[in-house]
Every structure is written in structure tokens, then in C-alpha cells.
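Annotated CoA binding site per Swiss-Prot: Arg191, Ala192, Gly193, Arg194, Thr311, Asn335, Ser523, Arg584, in sequence order. What Swiss-Prot lists as ATP binding site is Gly387, Glu388, Pro389, Asp411, Thr412, Trp413, Trp414, Gln415, Thr416, Asp500, Arg515, Arg526. As annotated by Swiss-Prot, site 'Hinge residue important for conformational flexibility' applies to Asp517. The Mg(2+) binding site annotation in Swiss-Prot covers Val537, His539, Ile542. According to Swiss-Prot, the feature N6-acetyllysine maps to Lys609.
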Amino acid sequence: MSQTHKHAIPANIADRCLINPEQYETKYKQSINDPDTFWGEQGKILDWITPYQKVKNTSFAPGNVSIKWYEDGTLNLAANCLDRHLQENGDRTAIIWEGDDTSQSKHISYRELHRDVCRFANTLLDLGIKKGDVVAIYMPMVPEAAVAMLACARIGAVHSVIFGGFSPEAVAGRIIDSSSRLVITADEGVRAGRSIPLKKNVDDALKNPNVTSVEHVIVLKRTGSDIDWQEGRDLWWRDLIEKASPEHQPEAMNAEDPLFILYTSGSTGKPKGVLHTTGGYLVYAATTFKYVFDYHPGDIYWCTADVGWVTGHSYLLYGPLACGATTLMFEGVPNWPTPARMCQVVDKHQVNILYTAPTAIRALMAEGDKAIEGTDRSSLRILGSVGEPINPEAWEWYWKKIGKEKCPVVDTWWQTETGGFMITPLPGAIELKAGSATRPFFGVQPALVDNEGHPQEGATEGNLVITDSWPGQARTLFGDHERFEQTYFSTFKNMYFSGDGARRDEDGYYWITGRVDDVLNVSGHRLGTAEIESALVAHPKIAEAAVVGIPHAIKGQAIYAYVTLNHGEEPSPELYAEVRNWVRKEIGPLATPDVLHWTDSLPKTRSGKIMRRILRKIAAGDTSNLGDTSTLADPGVVEKLLEEKQAIAMPS
């Protein structure tokens, strides 16, 4: 259970680490026993306009879930990420941008980024955007995406970043739910040599009759391709920024003022707008960034995540910039145009800290030594993994091949809702085990409970909960606090339920075992099965659908959809392709089912509930123990599904 082999802390890390094993134990104990003192001290990592007196004011009690940190303090996120660095480090590179095309890259200093953010902040104000308004950002991985986010934070507008891979329908849904007043996009995005029609997708999204709040669309010229233009509504980024003043005084924000909404998949269909506020979130992003990556001034840091995900918010931009770091933003993909691209970028920019996803690691691992061919990688000091549990084989390959057996791998477990790292090694403090997220970060109190909510002691397995609040915790779901309580605090009373299962070994190390609810993890991205099922049954020929995840060598999980057609409809290769494209259009390429399993009926209980447990086992080819099928209305369905499964070609 524990995988006994531990990787010791390398001498070069131990010699200069920010936190050693003794300090970890001492600080962790203090953070749990006296969170007010501990987090009161950590809050000083930021500059405050009005210093806080209160630190923690939180409740997980049923019907009274309330989370407030530093609630009487005021600050500005952009001032903490930019202005305060100007005097001593204005000429330090804030963002290294590496384009999709290997010949394109640029360095943007803190002073230049500050100037651009001030200009764009003034642009937003000129367009009538004010504190509390929601701005939707649907951008490629270009520095202007960071400028837009920081400018929103500077004036107190709430940003809602939408991943560039989402479809027009998904974009519309997020704009409607958040009542966004402005959309910021580009003519096109570029990824692995292909262009992505971002402006066209926005145009299509805004045709939805329920989108009534958007007044303007700001468009960045990325490729220069022809796009449709709506006079009066659409505005060019460059025209606006050229006439805007580079002087802007940042808005004083209360620590509990909203900073951003980020939509994440739920198990019940409609995506949830996770709301983070300003003070506690930034304290947590900066503190976790500093200690987990053992950040030293001058380090070059690269997080491969897209800005459209929480990792891009906390650990591509806000955490690093709050610490005055140099952060690398990459427009492309790790294995294009050659499998060695990621390592080439590491060498080109002399990256010291690399933070990427198991999906990328497994894709490179499949290429063997081609992934490292002709590269040196000796600048690397720390490696990190994010997005899903990393399997021990991929962990060992990453450590051995990319890090040359000298770089600790920080395998970080956290979520959109947690704002920052929850369970993670600290490089100089915790010995590593391949595949384990190891120990909790300061102030984080994990527990494993059984299905009745009873805490399980010692080496055990169970539902992963957190028993007390931490500063980076999401405060609510936008416009739906009731759903927030229902989703995270109703399963187990007085605890935050992560939706993940985990096991703890005899050393107290945590091993994440994956979702225990109906949320899939595809290439590190969360997708709700209900969301995909809703898209499937919206197809005119489909009567019913059930979606489950199956193990996939590269993506972690693949999407397996059981589909029942309307009476009189017949399966065909044409319909197979049509249904997959339909889901792609409704949600986005990420949600495209890998397998469609045509069937006449699904296993249901007498009350009509679909038995997903059985569907998961059949899809994964695990038929050794299907459990009790006596509660099924028609137990014969299972045999039929098993027969059909034999004829299905599975994705490799």
C-alpha cells in the first residue's frame, strides 16, 4: 500500500531550501493549532492598503456556511503583482512568452507589463466597466490575456476566463450565468500549427437570444485572418490601448471583494461558477507558490497550464507575479512540432522550475528518448505535476528522464474550489514516493471518512474531506450559495467534501484514487458526466444516454457513452461520427466521446435509477465482480451489454 521506496531530499535542495523537515513539522502544527497567528503572519507576504485586524472568520455549519479571511483589510491584486516590484525590479522579466511557432518569443518586464495593464484598466473604465462588473475573457495563450485579467483586478471588475477550447454554446452559457458586460477575445488562437476561430465562436455565442448583457467585444489581432465585424459592438484592442493613459491608481478592494469567477464541471449538469475573492486567495496563491516550488529570486518558472483553468490563474500568473517571479507563458503544446519541444523550451529559456500535467508527461513518455533528444535540461531544479493523480511509472520517468534524477517532483493535489495547493510535498522537507501527493500544506486539515462520515484513523482509504477552512478556499458559487452548500458541505456535515477518494499509508502520505462522484478527469480537465449526457440526449435521434470514464494510457480517462436511439432509428458509422461531432459542438473538443456503445436499454433499478457502477465495470472490461444485480428491473440487460461490448473496438 505504501510503496516503500522513498526518494531522499537531494543535497543541492537541502542546502538552500526555504523549509526543512523540522520547520515543516513546527509550522504545520502551529498552522493547525493557531491558524489566526499563523495566517496573520503569512498575510504579510502581500502589501495591504488597510492592514487587517481580523484573520479567520469561517463556518462549515449546515445552513450557515460562511468563509471570510482578512475581512477588514483592503488591498489591490494588481498592485501586489506589479506596482510594488517596480522600484527594485522594474526591469526584471515578468513574462517570457514562447509562441506556438518556435521562432516567436518575447520578454516583458514588470515595468512594461505595468504600463500595459494601466492602459487597459483605463480602457475598461472608458467603456463604462466598473467595480463589480463581470468581464468574460476568451483568449489564446498570449500576454494580453494576462493584461486583461490584471486590468480587471486593478479596477475591481470580476473576470470570468473561459478556456479557448470551449464551444460557442459553452461560452454563451457562461456569459449568461455571469451576466458579463464585456467579452475580450482574439481573431484566432494558434495551437500546434492550427488556428482556433475564437472571434467566430464569440459571434456565434452572442447570437444566443438569452445573451442580453454584453455591450462590447474587444478583439486582439493575433493572426490577422478575416473575421466578421459588428460596427459599434466590436472594438480592436490596439486602437483602444494606443489612446489610453499609462497612469492608473489601483482601486482599494476589500479582502472579501470578488476577484474572479471560474466555471467548473459539476456532477449535476450545469457548470458551476466558482467564486474567489481577493485577499485570502492571493495570500494563499503567493504562499503556496513560494514554499511548494521552493522559489528563490531569479528563478525562471514555467507552468504549462492554460489561463482558462485555475492552474493558469493561481500558478501561471497570480502566485508567481505576487512573488516577483519570471513566469513563462507557452502558446503551444509540449510535443509539437517535435516530441522534444518541451525540453527545448526549458533549454532555450533556462527554466529552473517546470510545472506540467500527467497527460503531457505520459504523451512524452510514449515517445521514449525522442522527448529529450538533443536537450540538456541541466537548468531544472524542481519539477511539478498537476491536474490529476500521476501514476508511479510516469512519475519515475519524469524524475529520471526530464529531471535527470536530481529534481524533486512536487505532485500537487488541489482543485478549482481550493484556490491553491492542498496536499503536496515541500522539496526540502518531505521525502517523495512516486504517485503520492504526500502531506498537507500548512493550515490544511485533511481527513478520510467512510460513507457515513466517520473519520478513519491510521493507514486507510476513504472519502477525502477537509475539516477546516484555509485562505484560498472558494467563498460560494456565483449567484447560488445554496448549491455551494449542497455540493461541498451536505454530504458530510461540518466538512468540505472534495469529491475525491484517497488512501493514507503508514507514513501519513496521501494517495489520491480519483473522483468518487460523476465527474471525469480527461487530460487533467474536469468534465461532468451529466453535462455530456445532456448534450447527447439533445440530439434529435437519441432517446437516452449514460456516460462513464474508462482508464486511458495518455489522457488518464477516456469518455465512454452508452447511447439508446429513438424507436425506428438505426446505428450507422455516419451517425456515430455525427453524434461525436454533435457533442464536440455543444461542449467542446475535450468532451468528445471516445467510444459510443449503441444499446437498446440501460441497467436500471425498479425506481428508474441508472446503475452507473455496472456501466463503469462493463466499459472498463472488469466483469469479474459486477456486484448485486438483483435490484435491477431487468437483470438480463447486463448480459446483453456484455455481448455488445465484445464487438466494440476500444481506444488505445
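Glycine too: its Cβ is placed from the backbone N, Cα and C atoms.
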If you count the other Cβ atoms within 10 Å of each Cβ, which of the binding-site residues Ala192, Val537, Ile542 comes out on top?
Ile542
If the Mg(2+) site is taken as the center of the Cβ atoms of Val537, His539, Ile542, which further residues of that chain fall within 8 Å of it by their Cβ?
Ala535, Leu536, Ala538, Pro540, Lys541, Ala543, Glu544, Ala545, Val563, Val579, Trp582
For Thr416 (ATP binding site), just count the other CB atoms lying within 10 A of its CB, please.
19
If you measure Ser523 (CoA binding site) to His539 (Mg(2+) binding site) at Cα, how many Å is it?
26
What does DSSP say about Val537 (Mg(2+) binding site): helix, strand or coil?
helix
Cα of Thr412 (ATP binding site) to Cα of Thr311 (CoA binding site): how many Å, rounded?
11
Among Gly387, Pro389, Trp414, Asp517, these being the recorded positions, pick the one whose CA is nearest to that of Ala192 (CoA binding site).
Gly387
Extent of the ATP binding site in Å [max Cα distance among Gly387, Glu388, Pro389, Asp411, Thr412, Trp413, Trp414, Gln415, Thr416, Asp500, Arg515, Arg526]:
18
At the level of the C-alpha atoms, what whole-angstrom distance separates Asp517 (site 'Hinge residue important for conformational flexibility') and Asn335 (CoA binding site)?
32
For Pro389 (ATP binding site), the three-state class that DSSP assigns:
coil
Near Gly387 (ATP binding site), which residues of its chain come within a Cβ-Cβ distance under 8 Å, counting only those 6 or more away in sequence?
Ala305, Thr311, Ala357, Pro358, Thr359, Asn521, Ser523, Gly524, His525
Should Thr416 (ATP binding site) be counted as helix, strand, or coil on the basis of DSSP?
helix
Please find which two of Arg191, Ala192, Gly193, Arg194, Thr311, Asn335, Ser523, Arg584 have the most distant C-alpha atoms, given that the record lists them as binding CoA, and give only that distance in angstrom, rounded to a whole number.
24
Euclidean distance between Cα atoms of Arg584 (CoA binding site) and His539 (Mg(2+) binding site), Å:
12
So among the binding-site residues Gly193, Pro389, who's got the most Cβ atoms within 10 Å?
Pro389
Cα-to-Cα gap, Gly193 (CoA binding site) vs Arg515 (ATP binding site), nearest whole Å:
34
Near Arg584 (CoA binding site), which residues of its own chain have a C-beta under 8 A away, given they sit six or more steps off in sequence?
Ser167, Ala591, Thr592
